[in-house]
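Quick look at what TrEMBL lists:
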{"type": "TRANSMEM", "residues": "26-49", "note": "transmembrane segment"}
{"type": "TRANSMEM", "residues": "61-89", "note": "transmembrane segment"}
{"type": "TRANSMEM", "residues": "96-115", "note": "transmembrane segment"}
{"type": "TRANSMEM", "residues": "135-157", "note": "transmembrane segment"}
{"type": "TRANSMEM", "residues": "178-205", "note": "transmembrane segment"}
{"type": "TRANSMEM", "residues": "217-240", "note": "transmembrane segment"}
{"type": "TRANSMEM", "residues": "260-278", "note": "transmembrane segment"}
{"type": "TRANSMEM", "residues": "298-317", "note": "transmembrane segment"}
{"type": "TRANSMEM", "residues": "329-350", "note": "transmembrane segment"}
{"type": "TRANSMEM", "residues": "362-382", "note": "transmembrane segment"}
């Protein structure tokens, strides 16, 4: 082994060491939850779903599906929206956040879609769509499963340049940067398919979903809502990252953070407006106005008015006045709206005539928190080491990565 290789190996070993003290508030809170969650996951696989969940034949989908898959995947929508605006539309203002949104998307799909295995009564069947055992090609789930799998791989390809810069693999970096352009186009296409496909699952349950929520437009509504949900997560996550990792921020990200947030608010305003038009049209189409006077109607109005209309107005006002606190408040409110909307489809407006309701057990909540906290640990580990929000190596900047990547905009 030559001296250069030895030096690189030693440097990489140092990078793997913890970057911060062990006893931080984040560690003290998350480690016990993760350890308890691991025990509960073992119980779930050893003793079955009934040992840790309140799921039943009437409510086969609960918190794990509702949050890990429906909410988590919607919040990951920022990766394909930002990639579309930067690579396809050529909006260079979003350059500083492209890589971090791709990382967030990759981790979200890896953890939340991966956590789907926890909710399967026969988890060993989770890979049927890959190995050919009863493919089920006519199933919406077959399409969604393949899309999740392929999109996760494409997000990994998009993120490989950051790994290559971290380990100094210049040849890999050059190769993947060209493949990256193809991955972006395929990724956006696949994301559009499965974001709507997740909504398409509920088209099969017309008799079980309250008329105010059931609609032939569910796939389109899920797709559009994933766009502003993803952008809200970008605003929320970016605000926390810029504070928690201030020392790691590149000069470009530090100087453009505020303007990026304002631009995202403008885009979110437009997308929310489209979503509201679709919701109003759906009320006319289904002639369900009379149901707004019922208790479920009040809940529907709380979701739409309280956590879609009001955030839309706040986004519009915040963007005009360039008020970051208003924009961030709007993002949080809209995210709460996505929580409510997706939970409605799984266990609130689902089987709404049943006298017995589903409530998640404390163990389901702990396992969900375990998934979230574990993802945050991985996110923190990557941010502290790889050039995600920090300056990239000089050799990568000098090679003109940005110029090469923007060739896609010219080609399209």
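From the backbone N, Cα and C atoms, a Cβ is placed for every residue, glycine too.
Curation does not apply to TrEMBL; its annotations are automatic.
Taking pairs at least six residues apart, the transmembrane segment (260-278) and the transmembrane segment (26-49) share fewer than three Cβ pairs below 8 Å and do not count as touching.
Long-range Cβ contacts of the transmembrane segment (61-89) within its own chain (Cβ-Cβ under 8 Å, at least 6 residues beyond either end) map to 53-55, 95, 97-98, 101-102, 104-106, 108-109, 111-113, 115-116, 118-119, 148, 155, 158, 181, 184-185, 187-188, 191-192, 194-195, 198, 222, 225-227, 229-234, 267, 335, 338-339, 342-343, 345-347, 350, 358, 360, 364-365, 367-368, 371, 405-406, 408-409, 412. With pairs at least 6 apart in sequence, the transmembrane segment (217-240) and the transmembrane segment (26-49) have fewer than 3 Cβ pairs within the 8 Å limit; the two do not touch.
For the transmembrane segment (217-240), the neighbouring stretch richest in Cβ pairs under 8 Å, chosen from 135-157, 298-317, 329-350, 362-382, is 329-350. If one looks beyond the transmembrane segment (298-317) by at least 6 residues along the same chain, the residues whose Cβ comes under 8 Å of a Cβ in the stretch are 212-213, 232, 265-266, 268-269, 272-273, 275-276, 279, 291-292, 323, 326-327, 329-331, 333-334, 336-337, 340-341, 344, 348-349.
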